[in-house]
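Everything below concerns the one structure shown next.
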Amino acid sequence: MKEMSTTGSSTLGGQQPRKHYGITSSISLAFPREIDHIYTQKLTEAMKPFGVFEGENELNHRLAVLGKLNSFVKEWIAEISETKNLPQSAVANVGGKIFTFGSYRLGVHTKGADIDALCVAPRHVERSDFFSSFFEKLKRHDEIKDLRAVEDAFVPVIKFKFDGIEIDLLFARLAFQSIPDNLDLRGDSLLRNLDIRCIRSLNGCRVTDEILYLVPNKENFRLTLRAIKLWAKRRGIYSNMLGFLGGVSWAMLVARTCQLYPNAVAATLVHKFFLVFSKWEWPNPVLLKQPEDSNLNLPVWDPRVNPSDRYHLMPIITPAYPQQNSTYNVSTSTRTIMSEEFKNGLMVTDEILLGKADWSKLFEPPNFFQKYKHYIVLTASASTEENHLEWIGLVESKIRVLVGNLERNEYITLAHVNPQSFPGSKENRNENEFVSMWFIGINFKKLDNSDCVNIDLTYDIQSFTDTVYRQASNINMLKEGMTIEATHVKKKQLHHYLPPELVQRKKKSLGDINRSSDGGGSKRCSLDGSHLDSSTDTGTPFSSPTPVSKPCQPVSTPEDSNTSPPNLPVSVFMDGSPPSESSSTSEQGMSIPVIGSKPPLPTATPVSEPLAGNTIPTVVGRNVIPRLSSPTPTELPNSLNGAAPKRPHSPSLEEPPKRHKDAEEVIPDDSAFKEPYPVTGNGLDVEDGLTEEGLAATKPMPIPTIDTSRTQRLPSKELPDASSPLPTSNLRVIKNSIRLTLNR
């Protein structure tokens, strides 16, 4: 159903009279009650300690800085016009303008946040002029510091600090003789005959303006978005680079909520946000308006036409032409994590609106370092501070490649990267070394038909490090001292890497103890219904069917299971060194070969605890007792002789995944752009529209988006291939072999 539009002269800031917003009618037109205003005021007060609101002085300072920058641009364009022999009358009216976008343009920026800006110039000003003469003009100004240009980026940018405010400035030239001060960038005709870099640069402003145009009440939208962005950052799910959602994606989700509840205030909208998206049936797309074709022949997101678009897991489509999916980086794991956070947010806001909790509870951070039993510690090191900043930027941009590799391992159900990086501890680094660490929590699949299994993560880690080193070599970034290492650690070993306040266990309340004694909360499920590894050691010990043969670990008391894993022997040995007896006797499990490893020798000396920060081959597990008989191929999970949904081993000659034949089918109607649930035609009261039961019961409209298993997703272009060899320089490339033994 197309959004109704009205004719007549109106500005972007004005409110348009229309029947409804978005591609469906509203769920509720109910107006706020007095109690809703009270809850909204409490929400505002709860956010103030986090610095989300900027004072009047800071706002005026930003306006003054942008005014000066706008004057610089006009002066520079006039100077360039004179050098290109334009008539004096044309030079006087050539114009030029600074546009803002992102959080500042939306009105939701926080204290100290940077400003995303766009310099728009007429057609006779080249991009090369922007990165040469304008760059030099900025360099001569005393108030501008930390000036640097990134001309070869996907979206070229000049970064600098102007009187203490960080600014990222893009450039676009339009096919106009002059740039008037009242220019509106929302018209699609502006894009005609522009090069792709100008279109990309314009996209941020066009999307931001379109979002503001499509929401019914801008003030309610802004306060709600401030709350949701703060919640997402506090819960560790705010990072487009790492596969979560970025600022524009959160803005579009909030805007869609505002469209469905056009008269609601912020407190109600925050609650409805969690209600809507905890029930959303991904991969149905979120759309703020019906996509339109402007006949400019630009690529747009459309699963009816582009088969690759059908594999996007959590599509949120930008409203401005050319429409794109802003969540391309989302993986199976990050979608699972965000979906669970939506459900948790709904539970908390239910309590808040019932008067059982305060808004501060919504912004409580999770205890990431108590959530999982296994972690991958990713360490990036460099010899100088300048090299370190450059190196960690590249490494962080590729971490999602590692997450994708881990997801495709058949024994891993979840790989959860913490967006926050941590400095390396003094014990684990050299004195003159600059180190950053990231932590990835791992959930392993519960094994029902086997006692223990050997898991080799060597291929997953090495293909990631190869990608990083190759990229660094291709762009001539790789320098002496730049290293990247991955280490497997268990939860009880995290204190070697992190300060005690981050890894200490929170004391359980009486209510938590009572709930755990009832057997609740000891196991979580993923979205697809497959069981995830028990993520904490609290509550009732995980119960599994009685094993046919002896278990691989000694039986522990319930008290032991409720605290930390028993301190049993762990074998550590160098790559190519002899494995211990526990390793050799476990070879009847699913054994995965180590790339580049040597044949095992008869004996090894076990040690009681792995050293902190070890990057040598590790078998992490208990003393392994051999099974009475090896399972037949049909008894193995994700059997190799069947259609395994995950990569069953560490292949060096693995073929790329094949797409199902039905993936190429094209649905001829417009069902690709339907909402995932029918809405009421009259849009009367809240109870007549979206409810928890109603959302769960309704069925989505069919769309040609495919939610496939991980190995059926299109391979990432960033993954290493045999045709692109590793750098041949004499720099030391660290290769880790990580092997561990899991017990049922």
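Think of each number as a place in line: the chain as shown, counted from 1.
Cβ atoms here come from the backbone N, Cα and C positions, even for glycine.
As recorded in TrEMBL:
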- 532-547: compositional bias 'Polar residues' (COMPBIAS)
- 554-565: compositional bias 'Polar residues' (COMPBIAS)
- 577-587: compositional bias 'Low complexity' (COMPBIAS)
- 629-641: compositional bias 'Polar residues' (COMPBIAS)
- 655-664: compositional bias 'Basic and acidic residues' (COMPBIAS)
- 22-215: domain 'Poly(A) polymerase nucleotidyltransferase' (DOMAIN)
- 220-364: domain 'Poly(A) polymerase central' (DOMAIN)
- 367-434: domain 'Poly(A) polymerase RNA-binding' (DOMAIN)
- 495-730: region 'Disordered' (REGION)
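If you take every residue in the domain 'Poly(A) polymerase nucleotidyltransferase' (22-215) and average the pLDDT, you get 93. Secondary structure of the domain 'Poly(A) polymerase RNA-binding' (367-434) per DSSP, as helix, strand and coil residue counts: 30 helix, 19 strand, 19 coil. Residue counts for the domain 'Poly(A) polymerase central' (220-364) under DSSP (helix as H, G, I; strand as E, B; rest coil) come to 74 helix, 6 strand, 65 coil.
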